[in-house]
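Here's the structure we're looking at; comments come further down.
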Amino acid sequence: MTTEESTRKSTVKDCLMDSPRQSKKTKQNRDGKRIQNQSRAPPQKDAYARLLSQHRSGMFSSYLEQCAQDSLSQKEANDTSSALQVHSDRPNAAQQRRDQGVNDLSPSSLKNKRGESSLSLYIEKLSIHNAQQECERKQGVSERQRRGQRRDTTTSQDGDIESGEEAACSRPNSAKKYQKQQRKKDDPHKNVGPKAPEINVCLPAPPMDASSSEQEQEKGMKSKKKSQLKQPEEEKNREGILKLAADPQTPRPKPNHGKSGKPQQPAATGTNSPDEKSKNKGDRRSKKRVFESYMSFEEVSHGLKRGELYQGQLRINPKNYNEAFIPSPDDTRDIFLDGVIARNRALNGDVVVVQILPREQWKVVRSDTDCDGTSESDTQAEHVLRTAQKRTWHAPTPNLVVEDQSSDPEELPRKRPDISITDPGEHLEDPSTTRANAEILQKTAKVVYIIEKKHSRAVTGHLKFLPDRSFAMFSPIDHRVPRINVKLDDCPADFKTHPGDFAKTLFICRITDWAADSNFAVGQLAKTLGQAGEIEPETEGILTEYDVDFSEFTEEVLDCLPKNLPWTIPPEEFEKRRDLRKECIFTIDPATARDLDDALSCKQLPDGNFEVGVHIADVSYFVEEGTALDAIASQRATSVYLVQMVIPMLPRLLCEELCSLNPLTDRLTFSVIWKLTPEGKILDEWFGRSIIRSCVKLSYDDAQRMIDAPEKLFPPEKLLPVDLEHTIDEIHQAVLHLHSIAKNLRAQRFRGGALKLDQLKLSFTLDKETMMPQGCYIYEYRESNKLVEEFMLLANMATATHIYGKFPELAMLRRHPPPKAKMVKELEALCSQLGLKIDFSSSGSIQKSLCAVYGDDEYSVYRKEVLNNMCSRPMQLALYFCTGALKKKEEFRHYALNVPLYTHFTSPIRRYPDIIVHRLLASSLKLGPRLGLSTGEVEKQALHCNDKKTLSKRVQELSSELYFGVFVKECGPLDSKAMVMGVLDKSFDVLVLKYGVQKRIYCKSIVGIDSFHHWKVEKVPHLKLVWTSKDLESPPVEQVISFFSVVEVQLRADEAPLKYSAVLKRPEDSAS
């Protein structure tokens, strides 16, 4: 070997062997760097950086060229990979970069490059990377600026297109695309001649498992991206994410070691799995970590106590998967998490611990409403009963009418996820807009620990075949969940040979692992659902994804039910209970309801007052504490109401028979009986266990007809079955008395400061056999609904006061926190700019102000809906809690009802908290055993019930959306007027008046407009749409979109299964 060759090899060896020393030095200085500002630390060169800076030298290039020739000759002579082995065994940063996906090593490319030099390929990649850095330096973008600059919402991209991981992870082919674009830009007119052959060698593909295949999957997804060039902002984001994964200077939390030196992680937490730990320990030379390691339990505990870390439930924006939020501990602006990397493998709904990032990385927002990201948890908020005029379309003699059976009257709705006044999913393009206003900074953070994985880790989606791989790629429909690698062995038998047959098949996949060194999770297929777009598979997917237990009850549970059927009330119960079987007691429910858990009674007393009773099914008699039946009820926590069916909390023998207050049947109940004046003033009150016999089952329609025709005589045959001991006229008079008292109670409540934000409710008529939608209508909330609501509220408030007085440390109550002050202030400013005088000082003042601005024209009911939607945005969720776990009594209040104490007592068939309240009530009256739960156990159950209630509400909404999607597909397109309820810079939101649905219309998707322009008048947003002239002589038509504008839209089915869009119609077409 010549002296020159020896010198060249020595130089390269020094460069390549510098990496371990550099890595060791980095490890020694890691703790010190946590304290220092990262941007001040001088950059240190590792082996990769040294190669990058030296590879252009003549000596180094000559050496590499010689190595390439030697390697090619050796490959031709002897088809071995020994030369490659020497190169790959060196622990340099280039090897780690290749494993992370910098090089394009897909099977197709390898097959076409057999015999080509690995070093040549490697240097090509270094050249491209160097070209990128040169370009950035010319633009004046330094590494420190990229890391430290503030994230401005005006530069964010729209989501809802692809999964977060696809946008977040580095793309192996991005460098080549960049190089080609640069060549075209430098010389666009240059003739492209025959391409010179590349000298590359076929590298042996590394073992590809389900957690190390980002480069292969990214190549498979490349076709999805060919339709558009990447924006500079997207390129910068990808480079930043790649640097976070590969930069050895990036500080990481300390390993999870306790005093013993061993990892200490509680089983219930979301820390790394043992497999992941072993992979991280033994494979760090070949893989870079995409995500940071989680902090140890001890570090998290100390950080939370010192106020250095914060805990909260993660909410990911469904319209922009790169945006996530957790509530701020000071109840001001939410804390922002930017991108998938910052979430650190946490999914929507998980309870996480976050660390606040340096101030220079905080997010700049234009208003406080941008600080509270629209997310699914907003959608999971509870809705009240809705009001509007009832209309039916496409419903020739419906076989089955589906009415809402699960609404809780005291709940305030919150904003839907796809509608907002200023939605963070779509930001202003003009950065000067933000600067023109007062700059608002929002704290940003990163996840350092997962306390509780509340997301089910089960998702619905589709399988995609990857050639020459031992696994398939699972693409979730929910873009907030990462793509998942599934072994081919877990896929259907003929998926590998005929993958096209499964293109439209829905699967359920469960995430089993998500390693820190992978952008993709690992999972297993749980079930094949069926064809996408069909109601049953889609419904099962929704139930599974939201962790709704719809399995059959086990034999152990069924053994807890009475065996001797038909069941009769034991004689001893008559001695313990008040016998009310002779009283005129009846139920008022939706016509389709089967679980009748409440009944009413009313009789006039000689002194002119009334004895009014609320009688609730005594479910706690059958569901004894500590049994398997009790365990499953507490786990399910609530019944789930879908459009076509109910997933019951309890076995149907209880729900529909033994506990249901069916007419002409003796039933066990818990009763609250008052002596009331005609004005609704309470003179006396009695609680106790009872036995009733309902004389008739009235529907809301039946009761409404009685209210509307007080003098009419109703024939008995229309209300069968009816107890012969009570005439129809007696029942009619009882309904009228209840209605009169209810009106007075309602007036008293609103005078006392109650707030009710009604929202429209869509209901369906179904075919009895196919259960397909025949028609739909906006559910009308009428006087009969209000009658029942008032007495249920009265019973709940009375019970709350009673059990809290007896068990101040153990009572399960329901509280409603006041709205978020920052969002109320922002909304108040917006309303003022719109000329709406709304007083937000209290719940009562909001109610009074809204009633004054609704108006009384033909659009008043819809204007009311828009205003209610705006006012519901700052509202928080009502929550179950244990009184002993909350020390400040003023926090017990229910904001919407404006009462100090409230609970749920009236629906024990479908709500588990009501069963606990019944047990407390029985114990307080010495009618049952004392509740065998501690304060902590009651609080834990309360938190679980909160989670299940919000999930069930979301499932109910998705079921309604599913059926309406089918209805639009089968009966569409559907024309309707719509009212504008939100204006953004590139889109606007509308309430479709005929169907009560809310949709977003994007200006760029409107067919027939030449241009659009966004501007503000005294901070009130407007959009001007310029429609194309129909002929040369006609001028363009201009249309201004602002709050409360009425436009014409058409609902059309999309190509995607069960999806539909709202299409804006031309103004002159609308007029005609």
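Note that Cβ sites are derived from N, Cα and C of the backbone, with glycine treated the same way.
Taken from TrEMBL as is:
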type     : residues   : note
BINDING  : D589, D598 : Mg(2+) binding site
COMPBIAS : 1-16       : compositional bias 'Basic and acidic residues'
COMPBIAS : 68-85      : compositional bias 'Polar residues'
COMPBIAS : 134-153    : compositional bias 'Basic and acidic residues'
COMPBIAS : 231-241    : compositional bias 'Basic and acidic residues'
COMPBIAS : 262-273    : compositional bias 'Polar residues'
COMPBIAS : 274-283    : compositional bias 'Basic and acidic residues'
COMPBIAS : 411-432    : compositional bias 'Basic and acidic residues'
DOMAIN   : 577-927    : domain 'RNB'
REGION   : 1-46       : region 'Disordered'
REGION   : 68-116     : region 'Disordered'
REGION   : 129-289    : region 'Disordered'
REGION   : 395-432    : region 'Disordered'
SITE     : D597       : site 'Important for catalytic activity'
Whole-number Å value for how far D589 (Mg(2+) binding site) lies from D597 (site 'Important for catalytic activity') (Cα to Cα):
9
Taking the Cβ of D597 (site 'Important for catalytic activity') as centre, how many other Cβ atoms lie within 10 Å?
24
Set of same-chain residues at least 6 away whose C-beta sits under 8 angstroms from D598 (Mg(2+) binding site):
T587, V614, H615, I616, A617, L661, V788, M792, T906, S907
Within the domain 'RNB' (577-927), what mean pLDDT does the predicted structure show?
94
What count of other C-beta atoms do you get within 10 angstroms of the C-beta of D589 (Mg(2+) binding site), across all chains shown?
22
